């Protein structure tokens with residue numbers, strides 16, 4: 001009986017982490033005091049417990065103090081990350097790595113520059129994947145982009161823009177994302 005119970009628990013643990021992913025490189029935004037203030041302790045704690053987990057799981061923990069947009073950088077706030085802002089130049093080549101804990105199919109993903117004031121993508125996504133994750137190639141978890149000229153003006157000041165890695169899993173309607181703060185200099 002004990003062996004059966006251990007196997008049952010192990011299966012439950014494996015199925016509870018299906019479909020988790022988080023940007024590791026460059027270092028993305030993290031949680032902090034401003035997030036707790038705006039998103040509430042319950043949602044923030046849930047997001048911190050599973051850095052690669054879906055946003056929807058954390059929102060289900062809302063205790064009535066949630067007052068932020070968790071769909072913008074998982075609710076991680078610029079104020080908590082002001083010391084982790086990247087300065088890029090037009091044409092600069094940036095390498096990314098996503099830690100894919102486990103993946104659901106089908107889904108899609110992109111890397112986009114987002115205007116923080118309007119929470120809208122600036123121009124077209126920098127990279128898109130119609131099917132994500134892609135099996136076997138690693139081109140979806142290790143990828144590169146170049147900062148385009150079109151970001152020079154709207155992203156010229158720290159706190160105006162983010163680079164957002166975004167994955168939507170169709171099979172279970174869950175959102176995964178990571179953001180990094182940046183600005184562009186000439």
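Cβ from N, Cα, C; glycine included.
Feature annotation from TrEMBL assigns domain 'Chitin-binding type-4' to 60-182.
According to TrEMBL, the feature signal peptide maps to 1-19.
Residues in the domain 'Chitin-binding type-4' (60-182) partition by DSSP class (helix H, G, I; strand E, B; coil) as 9 helix, 52 strand, 62 coil. Mean predicted confidence for the domain 'Chitin-binding type-4' (60-182): the pLDDT average there is 94.
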